[in-house]
Amino acid sequence: MTKAEFSLVLPEVLLAIYAMGVLLFGVWTGKDRVAKPILWASAVTMLALALIIGLGTGNDTAFGGLFIADGFARFSKVVILVSAAAVLAMSSDYMGRRGLLRFEYPILIVLAVVGMMMMVSAGDLMSLYIGLELQSLALYVVAALRRDSAVSSEAGLKYFVLGSLSSGLLLYGASLVYGFAGTTTFSGIITVVEQGHLPIGLLFGLVFLLAGLAFKVSAVPFHMWTPDVYEGSPTPVTAFFATAPKLAAMALIARVVHDAFGQVPGEWGQILAALALASMYLGAIAGIGQRDIKRLMAYSSISHMGFGLLGLAAGTAAGVESMLLYMTIYIVMNVGTFAFILSMERDGKPVTEIAALNMLSKTDPVKAFALLVLLFSLAGVPPMLGFFAKFAVIKAAIGAGFVWVPVAAVVASVIGAFYYLRIVYFMYFGEKSAPLDGRMPALQFAFLVLAAVAMLGGAINMAGVEGAAQAAAASLVN
């Protein structure tokens, strides 16, 4: 390993060393008594690394192509690190007051983030699998963090069992690809794939690879775990599931299809378009009957991942750019929405029933309006930023020749808007009921308001995010 190669992986190495160091520190100094300092130290460490990575330049590889450090990886890592730090910060009060703030919690989040950083920089099937499993193993544990709850334990077990199945599918696909290509590096695989023609063995391998990765983004028909895990996990953990891991998996799909199978976009574009449509419609239709806001956010996530996959299905740099923009905006919307969900309490106990929001506009108009903005943005109502995110994805798909798919996407978006607008109806026109507690920690309130402001102001100026996404996409698709 040369000095140049080591410098490329330095952020991942530093974060891994930090995780192992604070794990030992926590064990030796009283475990949960140091949970809050570890949580805040972890958030600050990830923000510092995001700044360092964001200032990086160039497109390089390390370890014989196992690790790729390009603009696409840097953009994805910055968003992952910032979103993970935000979720940690806004979860401190919630976890502490419910006795869930154990010192392992922030460490598991950090280890999952290390795995995600490996995923977006993977240049080989082996590094892909290592990153994916590091993320998954940490998330299996954190889903069942509430050990005295049967629902939380069930969520963790269900996620583990189905996640193991998806890992098996991915490994089978990787073995097929290696068997027919004779190499595990993406740069080697793409030399085997002929322009416009994909050998049948590699096609089957690609299908199984995409099936394994589709599980991670909750794409239909690999979405079965999502509603139960979102509902059963502690709410801050659900917020984490809905943000950083989704971008990491989506970025990994983009890396695989463009770096390893970029010669045949027509083959995998059809697969991704089918997954996208199925996800959009199931998420939109199944969410209509939900009465629990965490389950509703699960189906919302499934539908939104369909739009992200539609951008990738285009098979162009514009498609990757639209996906990165969409996922970034989606993460901001979710951070703000979950900041509000964390504050939903009645008589000091958390509530997640949507009906609990009845006439919130009368008791807390500022929070109600901020949530209205975020819900309108999630629904894709102009002039909110969420509308422009969907517009960018649909425009990229039309530019790639998928005319009928964007039309179907618009219909799915209209159907899905119903359950967001139903929440707005409850807040402004619902029946009178026992009000929610007015308590909301200042940090959670700040995340809620800032996310709402971003959805309004971002339509005017995205503060350089659009240009950064364009440069990131150009570094991947060349």
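Each Cβ is built from the backbone N, Cα and C atoms, and glycine gets one as well.
Copied over from Swiss-Prot, here are the features:
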| type | residues | note |
| --- | --- | --- |
| TRANSMEM | 8-28 | transmembrane segment |
| TRANSMEM | 38-58 | transmembrane segment |
| TRANSMEM | 62-82 | transmembrane segment |
| TRANSMEM | 106-126 | transmembrane segment |
| TRANSMEM | 160-180 | transmembrane segment |
| TRANSMEM | 200-220 | transmembrane segment |
| TRANSMEM | 234-254 | transmembrane segment |
| TRANSMEM | 268-288 | transmembrane segment |
| TRANSMEM | 300-320 | transmembrane segment |
| TRANSMEM | 368-388 | transmembrane segment |
| TRANSMEM | 398-418 | transmembrane segment |
| TRANSMEM | 445-465 | transmembrane segment |
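By the count of Cβ pairs under 8 Å, the stretch nearest in packing to the transmembrane segment (234-254) among 62-82, 200-220, 268-288, 368-388 is 200-220. Contact between the transmembrane segment (398-418) and the transmembrane segment (268-288) holds: at least three of their C-beta pairs are under 8 Å, each pair 6 or more apart in sequence. Among the listed stretches 62-82, 106-126, 160-180, 200-220, 300-320, the one sharing the most Cβ pairs under 8 Å with the transmembrane segment (8-28) is 106-126. A Cβ distance under 8 Å defines the sequence-distant neighbours of the transmembrane segment (368-388), meaning residues of its chain 6+ beyond its ends; these are 300, 304, 329-330, 332-333, 336-337, 340, 360-361, 413, 416-417, 420-421, 423-424, 427-428, 448-449, 451-452, 454-456, 458-459, 462. Below 8 angstroms of C-beta separation, residues 1, 4-5, 8-9, 11, 46-47, 49-50, 53-54, 56, 113, 116-118, 120-124, 126-127, 185-188, 244, 247-248, 251, 254-255, 259, 320, 324, 327-328, 331, 468-469, 471-476 of the same chain, each at least six residues beyond the ends of the transmembrane segment (62-82), sit close to that stretch.
Each of 38-58, 106-126, 200-220 was scored by its Cβ pairs under 8 Å to the transmembrane segment (160-180), and the highest score goes to 200-220.
Panel annotation: around the transmembrane segment (38-58), residues 11, 14-15, 18, 22, 25-26, 69-70, 74, 77-78, 81-82, 84-86, 88-89, 91-92, 101, 103, 105-107, 109-110, 113 of the same chain, lying at least six beyond its termini, place a Cβ under 8 Å from a Cβ of the stretch.
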